[in-house]
4 protein chains.
Amino acid sequence: MNYKIKDLSLANDGKKQIEWAEMHMPTLLEIRKRFEAEKPLKGVNISAVLHVTKETAALVKTLKMGGAEVALAASNPLSTQDEVAAALVTEGISVFAWRGESESEYYNNIESIVKIHEPHIVMDDGADLHAFVHEKMSSELKVFGGTEETTTGVIRLRAMEKQGVLKYPVIAVNNAYTKYLFDNRYGTGQSAIDGIIRATNILLAGKVAVVAGYGWVGRGIANRLRGLGARVIVTEVDPIRALEAVMDGFDVMPISEASRIGDIFVTATGNTKVIRVEHMLNMKNGAILANAGHFNVEIDVKGLKESAVSVRNIRPYVDEYVLQNGKKIYLLAEGRLVNLAAAEGHPSEVMDMSFANQALAVEYLVKNKGKLQNKVYNMPIELDYEVARIKLKSIGVQIDELTEEQKGYLEQWKSGT
Amino acid sequence: MNYKIKDLSLANDGKKQIEWAEMHMPTLLEIRKRFEAEKPLKGVNISAVLHVTKETAALVKTLKMGGAEVALAASNPLSTQDEVAAALVTEGISVFAWRGESESEYYNNIESIVKIHEPHIVMDDGADLHAFVHEKMSSELKVFGGTEETTTGVIRLRAMEKQGVLKYPVIAVNNAYTKYLFDNRYGTGQSAIDGIIRATNILLAGKVAVVAGYGWVGRGIANRLRGLGARVIVTEVDPIRALEAVMDGFDVMPISEASRIGDIFVTATGNTKVIRVEHMLNMKNGAILANAGHFNVEIDVKGLKESAVSVRNIRPYVDEYVLQNGKKIYLLAEGRLVNLAAAEGHPSEVMDMSFANQALAVEYLVKNKGKLQNKVYNMPIELDYEVARIKLKSIGVQIDELTEEQKGYLEQWKSGT
Amino acid sequence: MNYKIKDLSLANDGKKQIEWAEMHMPTLLEIRKRFEAEKPLKGVNISAVLHVTKETAALVKTLKMGGAEVALAASNPLSTQDEVAAALVTEGISVFAWRGESESEYYNNIESIVKIHEPHIVMDDGADLHAFVHEKMSSELKVFGGTEETTTGVIRLRAMEKQGVLKYPVIAVNNAYTKYLFDNRYGTGQSAIDGIIRATNILLAGKVAVVAGYGWVGRGIANRLRGLGARVIVTEVDPIRALEAVMDGFDVMPISEASRIGDIFVTATGNTKVIRVEHMLNMKNGAILANAGHFNVEIDVKGLKESAVSVRNIRPYVDEYVLQNGKKIYLLAEGRLVNLAAAEGHPSEVMDMSFANQALAVEYLVKNKGKLQNKVYNMPIELDYEVARIKLKSIGVQIDELTEEQKGYLEQWKSGT
Amino acid sequence: MNYKIKDLSLANDGKKQIEWAEMHMPTLLEIRKRFEAEKPLKGVNISAVLHVTKETAALVKTLKMGGAEVALAASNPLSTQDEVAAALVTEGISVFAWRGESESEYYNNIESIVKIHEPHIVMDDGADLHAFVHEKMSSELKVFGGTEETTTGVIRLRAMEKQGVLKYPVIAVNNAYTKYLFDNRYGTGQSAIDGIIRATNILLAGKVAVVAGYGWVGRGIANRLRGLGARVIVTEVDPIRALEAVMDGFDVMPISEASRIGDIFVTATGNTKVIRVEHMLNMKNGAILANAGHFNVEIDVKGLKESAVSVRNIRPYVDEYVLQNGKKIYLLAEGRLVNLAAAEGHPSEVMDMSFANQALAVEYLVKNKGKLQNKVYNMPIELDYEVARIKLKSIGVQIDELTEEQKGYLEQWKSGT
C-alpha cells in the first residue's frame, strides 16, 4: 500500500481519537454494522478528498468495511490531524495528507489518490477533486458517480452541469436536510466560535461581532455569538436573508459601516473578498478577523499582506498586521477555515449525520450505477429520513406517528372551518 | 352596493384602526401608490375570503385603488373586526362578515361574495372559498386565477391539483419567502402568545409549554415561549423537524408523555385531533389548551365536550371543562385560532409583506391571464425579492451589493483552495 | 359598611376573576389556610393602598380570614378592576376605588380608608398612603406598623427615616428576595410588554426598543423584548449596571443618542423626566412611548402636552401627539404604568409570592408589636425562605438538601486544594 | 532574586502572551499609568497566591511599577502558564510556580513566597495562603492587610473572622460588584464551557447539561450552555435560587434524578461531594463530568477512583472510568477547575476588572494602614464605581448623568402619583 503522511508512530494516539469520535457517531456505526454484513461496496474504488479528521476516519473505515478500497487526501492544507492519518494507514487506507501542506503538495496529494487506483466513486469536500478529475484526467474515466459535501462545492458542480461539462452523476450530500440543516448551522456555529476562542481567549460578552453572510453557517455563528453575550451585526447581499436577520433581532448594515464598529469579524458567505483592505482601514485598533467559509478567499489576505506595514505572529493562529494608519488588526489562521485550523472542526455528532448521508449516497450510486444522468442530484429524501430516524433513536428521542385519520385528513381538501 | 355587517356606525373607529395599520405597512402602501397611478386591475372582480382585520382592509383598499371591484367575506367566524368591516363598506367594498358568525352564516357569506358579482380572481385564506367555487358553482366560471394565503390552503389545493380537479391557476402566496418565513414564524409566533396572555394573564416564566408541530408556526411559537421564560417541549411526527427541535435545545417527546407534564399546550400542526381526550385525561389540573393552526380541528373539542362532566366560561375566551377524573382543563377560544380570536391577529408589519405579495400576485395573474395552467404556482421569485427590497428600504436598512468580481466568482468552478 | 365603587352588580364577574387568580396563587392559599385556623390578625385594622386587582383581592380576603378588618383604596387612578372591587365589597371589604379616578378622587379615597377605621397597620404600594398618614393625620396615631410593596416607596420611606420623621416601623416587602427578584423582573417584564402589545399590536421582531433603566424591572423588560425579537438599547446612569447591560449583550448609550434610533421606548428608572421633549424631538416619526415605572413622571407628559401641535386618541391607550417638527409620536396609557393601564398588571403567579410576603409581614408586625423601632426593615430572611419553599412545593419542584458533611465543609476554613 | 519555575527560556513567548492580555486590560493599564507616576506601594512587600496566567502577570507588573516587591506562587497545581512564569522572572518578580505541581510542591511554593521576604500584604485566591499564614507563621507578623479573590476564599475568611482568629484586615475583592457580577458570571461562564469543548470537542446543541449550583458562576454557565443549544437542568440546595432558575426557564430537580438524564455535568457550588458515586452509577454510558468550582472536591474523584473497575486517559484532560455496572464515564481535568486546566482561564477582559479591584484594594490597604480592624471588609463602593467608570470609558460606552432635578427627586418623598 502507498501512503504519504507525517509520522506513522502517531497511530496509537489516532486510534484513541477515532474511538472517541465513534462513540459520538451512533448513526454511522449503525450503518457500518449493516455494511459489514452486506458488503454493498465490494470491488468499488473510492478516491476521497475530505478533512482528515477523526470523524472522517470513522466514515472511511465504514466504507472499507462495506467492501471498498479507499484513497484519501486532505481538503484543506491546514486541517489534517496527523495522528488520525497514521491510524488510518494502519487500517489499510491509502492516505496522502499532513498538517501544513504547501499549495503544490496539496495538489500533488490529490493527484496521488486518483493515480493509486482507478476511482469508481469520487468523494469531495469543496469540489477541488471533481475539478481535478474533469480538467486533468484522460477521457476514459471509470468514475460512475461522485458525492459532494459542501455548499461551495455544489455551487461549482452546478456551474459545471450548466456548462454541460459534468462527466458523471453527483449526489449533493450537502443538500440533505440532515446535513445542511445541522452540520452547517450547529456544527460550524459552535466550532467556528471554538476556533476563535482557542486562538484568542477573548471574552465574547459585551463585544460587537460582525457576521458576513446569513446562510446556514452564518446564522449558526450569529446565534452562537449572541448566545455567548456578543452584540451581533449581520451583513448580507440577499434582501430576504437580510430581512430574516433583522426579524431575528440582529442589526443589519453594509460592511463599510459595520467595519467601523465591530470588534470581531467572521466571514461565512462562500464568496470572495468580502472584507477588503478598504474595510480594514476603517476598523478599530485591535479588531480580530476570522473566516468560517470553505475557501480562504473571503478575507482579502493578499491585499492585507501587500498593504500592511509589518506582520508578526503573536499567538498560535493569531497574526498581527500593522496597517498604514498605524492600527493593528489580528488575522486568525491566515484567513483559512477557523474551526478546522484553530480548533478540531465539526463535533462528531454532526459529522455523524453528514457522513451517514455520505455512506448511504455511495451505496445509492453503486446500486443505481448506469441509471443516473450526468447531473447534480439532491440526496434522495427517503435516505435523508432514514438518517434522521436512526439518529433520533440513537439519542433516545421518541416522536409521534400519524394516525390513520390524520393521514387521511392531509390528503382530502373538502372539509374546512 | 350590497353588504351584510354588524353596525355601519362603527365606521369611524374602523377608519382609525386602518390608519394605524397602514402606518405599519409601508411596503403595501408603496405598491398602492403605483396601483393608483397605473390601475392594473381595472375591470377585475375579486372575491376574497380573508380575516376581516385592519390589515386586510389595507390590502382591499389597495386592490380597489388599482381598479378592482372587491367582495369580502371572513375566513373565520370569530376573527372579524366589526368596526373595520363598517369602514370598508364606506369605502365601497361589499363586505359580508361579522364577529361571531354561526357555521351556516359563515357559508352563506361565502356564497354571497360569489353571487354579488362574477369573480375573475378568487383570493382565499384556508381554501374554503376555493373548495366552494369548485364544488358549488356552475361550470361556466369566469375565474382566471386564484391566490392562497395559508399552508393549510396550499395543501388542500395541491390535493385538488393532484386529483386533476383544479379549475384555474393558483398562486401560493403562502409559499413566498417573504410570506411564510415571516408571517408564520414571527407573526403567529408573537400573536398566538399574545392571545394566550390576553385570555389568561398567566405568567409564562417557569411554565412548561408544549408546542405540537415544529413547522414555521410551531418554531415561531416555541421560540417566543422560550423568550418569555417558559420551558418548551416540542412534539412532532417528522423525524427531521424533531431533530431540529432537539438541536435548538427543546425537549422532544410524544404527546402522550408531554401531556403529563405540560402547563400550557399550543397546537400548530395543520392536522386533526392532535390533542385527544386520552391526552387530556393525562393532564395536570389547571392545564391550558390553545390552538394556533388554521382550523379548529387540532384539539379534539368535540370529544372534550362529549366526555366532560361540566363546562363553564370563566373569563372571556377561557372555558373550564371538568373531566371525569375531576381535573379541570381550560380551553381557549373554543379551540379556534387563538391569535385572531383572543387577540388582534398578526401584527400589521408582517401582514405588510404577506399582503404586498397578494397584491403583486393578483397583478401577475391579470398580466398573465390565459398563459398559466390549472396548477398551483409558487410566488414568482422576482416578485418575492421586490417585496423584500421595498420592506428593507421602508425600515431604513441598507445592505451590501455583489461586486463584479464577486458575481464572476459565483459563476466559475475552477479556482479552489 | 362603607364603600365607594363603580357598580356592585359586577360582583359575580369579579368573583370568577378572583377564583382564576387564586388558582394561580397556591402559596398565598397555603398561608390563608393557616390564617383561617389561627386568626393571627384578630382585632387588627388594616388600611391598604394597592392596585385593586384580582390578585390583591386574594390577599385582602386572606387578611380578613386571618381576623383583620380591611379598608382598601387604589394605588393608581387607572389600575382598578371594577368587577373585583364589587366582589370585594360583597366579601365585607371597605373598598374605595374605581377605574379612572381624578387626582382629587384618588386622594379622597385614600383619606376615606383612614377615616373609616383607625388603622393599626398601613399597607402601601408607592408610599402615597404612608406620606398621607405622616403629613395629614393627627399625632395620636394608632398605627404600629406598615408595609411597602415597591422600590419607589422604599426609597421614599428611607428618605423619611433619614430625615427622622418616620412614625412607625415599616417592613420593606419589596426587598424580600421572593418579591423583587421575581415580581419586578418576571412580572413587570412580561406584563409591561403585554400592555404595549395590547395597546399597539405592533410586531416586536425587528424593532429597535430602548429601555431606560437596568434595575430589576428594566432588565426584565429588556430580556423579554429581546426574547420577542427586538434589538434592545439600554440607557443608564449607574456605571456598574451599564456595564452589566453591555455584558448581557445590549447596546448602551445616552438617551440623547438612543432617542434617534429607537422605535419603542420604555422607562423603568424610578426617576423623573427621563424622556424629555428635547429627546422626543429627536425621535423617528411613529415612535412609541410607554412607562413601566411606578409613577407617571418618567416621561415628561406635561412638557409633551405643552409643546405638541395637536393630540388625538387613535386606539384605546394610544394618544397621537404631533410635534412642532411635524413628526408624530404615540404615548401609551398617558405615561402611566403600561402593564396595569393597558393590560391586567402582574400575572397572579408573581403576585402569589409578593402577597405571601405581605401576609407574613403583617403577621410579623402583629407578633412583634412594640418591639421594633421606627425604621425601614428588610423582610426577615426566614419568612422569605418560607415563601420560596411553599412556592416550590406548590409547583412540584424538588431540590437537594445539604448533607451533614457538606454543612460541615461550609463552616471550616482549613482544608484547601 | 530567588525563583523556581519550569524554564526561563520560555520568557519571550510569555512576554507576547502578556502583551496580548494587556491589550485587553485597559482598566488595569489606566491604573498602572497612575501607579507608575505616584508609586503608592513603595516599600511594600506583597506575597501573592494567584493563578499564574498572563492576566495575573499584568497585575503583578502593575504592583511592581507602583513600587512593591512581589513574590508569587500558584493557586492551583494545574493552572500555571510556564512561559508567563518565565517572563515574570525576567521582570524581577520572584515566582515559585509551574504547571503540574505535586501537592507537596504546591505547599512548598506557598511557603517560599512568605520566606523570601516578610510580607506586608497577602493577596490570595482561595485562602490557602491566608490559612498558611495563620496556621504556620510565627506571631510577629508584619502583615497589615490582605485581599481575597474568590467566593470560596471569602467564605473561609468569614469563618476565621467569626471564630475570632483573623489576624489582619482583608478586603474581599471578590465582593466588588465589578468583580463577582462579571468575573464569576461572564468569565467562568464562557471559559468553563471553553474548557469542556477543548477537552471533548462534543456538540452542545441537543445535549442535556446539568449544572450543580445557581450562584453567579452556575448561572453564567447555565446561560452559556443554553446559548450554545443545550437543554439545561439546574440542581440547588437554596430554595430562592432554585425558584430563580425555574423562572429563568431551566428545569430544576435533585441531582439524584438529574444524574439519570444528563449528558454533561458541571459543578459550581463551592461545596464538597456534590456529585457522588451513587449518582455516577445512575448516569448514562458516556456521561461527561467537569468541575468549575474553585476546589477539586465537588465531584467525588476519590470515591470514583476507588470504585471504578479501570481508568485510562483517552484524550488530553479526559479520563475514562469504567464503573462496576459496566458503564463508562469521562472525568475532565481530574475534577479540577476545567476552565484553567483544559483552557486558558478567564478571558483578559474580566480579569481586567477583577485585577483593577485588586490593585486599588492594595493601595487602599496601604493608605489605611493601622486604621482597619481584623475583619473581612467589602470592597469600598467608590473604588468599585471607579473601576466601572474606567472600564466603560475604555470600551467607548457613554452613559447618562442625573440632572439636578432628578437628584432632587430621588431625595424627596412627598410628591406622589
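Glycine is treated like the rest: Cβ placed from N, Cα and C.
Bear in mind that the values here come from a model prediction, so they are computed numbers and not experimental data.
As given in TrEMBL:
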- D:Thr53, D:Asp125, D:Glu149, D:Lys179, D:Asp183: substrate binding site (BINDING)
- D:150-152, D:Asn184, D:213-220, D:Glu236, D:Asn271, D:292-294, D:Asn339, D:His346: NAD(+) binding site (BINDING)
- D:184-345: domain 'S-adenosyl-L-homocysteine hydrolase NAD binding' (DOMAIN)
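Annotated features, which come from TrEMBL, shown on the structure.
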| residue | record | CB count, 10 Å |
| --- | --- | --- |
| D:Thr53 | substrate binding site | 25 |
| D:Asp125 | substrate binding site | 26 |
| D:Glu149 | substrate binding site | 30 |
| D:Thr150 | NAD(+) binding site | 26 |
| D:Asp183 | substrate binding site | 29 |
| D:Gly215 | NAD(+) binding site | 18 |
| D:Gly218 | NAD(+) binding site | 29 |
| D:Glu236 | NAD(+) binding site | 28 |
| D:Gly293 | NAD(+) binding site | 30 |
| D:His346 | NAD(+) binding site | 27 |
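In terms of Cα distance, the binding-site residues that sit within 10 Å of D:His346 (NAD(+) binding site) are D:Asp183, chosen from D:Glu149, D:Lys179, D:Asp183. Under 8 angstroms separates the C-beta of D:Glu236 from a C-beta of chain C, among the binding-site residues D:Thr53, D:Asp125, D:Thr150, D:Lys179, D:Asp183, D:Glu236. Using Cα positions, the member of the binding-site residues D:Thr53, D:Asp125, D:Lys179, D:Asp183 nearest to D:Thr150 (NAD(+) binding site) is identified as D:Asp125. Separating the Cα atoms of D:Gly218 (NAD(+) binding site) and D:Glu149 (substrate binding site) is a whole-number distance of 17 Å. Just so you know, the Cβ of D:Lys179 (substrate binding site) picks up 29 other Cβ atoms within 10 Å once every protein chain is counted. Comparing the Cα of D:Glu149 (substrate binding site) with the Cα of every entry in D:Gly215, D:Glu236, D:Gly293, these being the binding-site residues, the smallest distance points to D:Gly293. Between the C-alpha atoms of D:Gly293 (NAD(+) binding site) and D:Lys179 (substrate binding site), the distance comes to 16 Å. Sequence-distant neighbours of D:Asn184 (NAD(+) binding site) (same chain, 6+ residues apart, CB-CB distance under 8 A): D:Thr151, D:Gly215, D:Trp216, D:Val217, D:Gly220. Per-residue pLDDT, averaged across the domain 'S-adenosyl-L-homocysteine hydrolase NAD binding' (D:184-345), gives 96.
Put simply, the two farthest-apart Cα atoms among D:Thr53, D:Asp125, D:Glu149, D:Lys179, D:Asp183, the recorded binders of substrate, are 17 Å from each other. A straight line from the CA of D:Thr53 (substrate binding site) to the CA of D:Glu236 (NAD(+) binding site) spans 31 Å.
A gap of 21 Å separates the Cα atoms of D:Asp183 (substrate binding site) and D:Glu236 (NAD(+) binding site). Note: the Cα of D:Glu236 (NAD(+) binding site) and the Cα of D:Lys179 (substrate binding site) are spaced 23 Å from each other.
Reduced to three states, the DSSP call for D:Glu149 (substrate binding site) is coil. DSSP assigns D:Asp125 (substrate binding site) to coil in the three-state reduction, outside any helix or strand.
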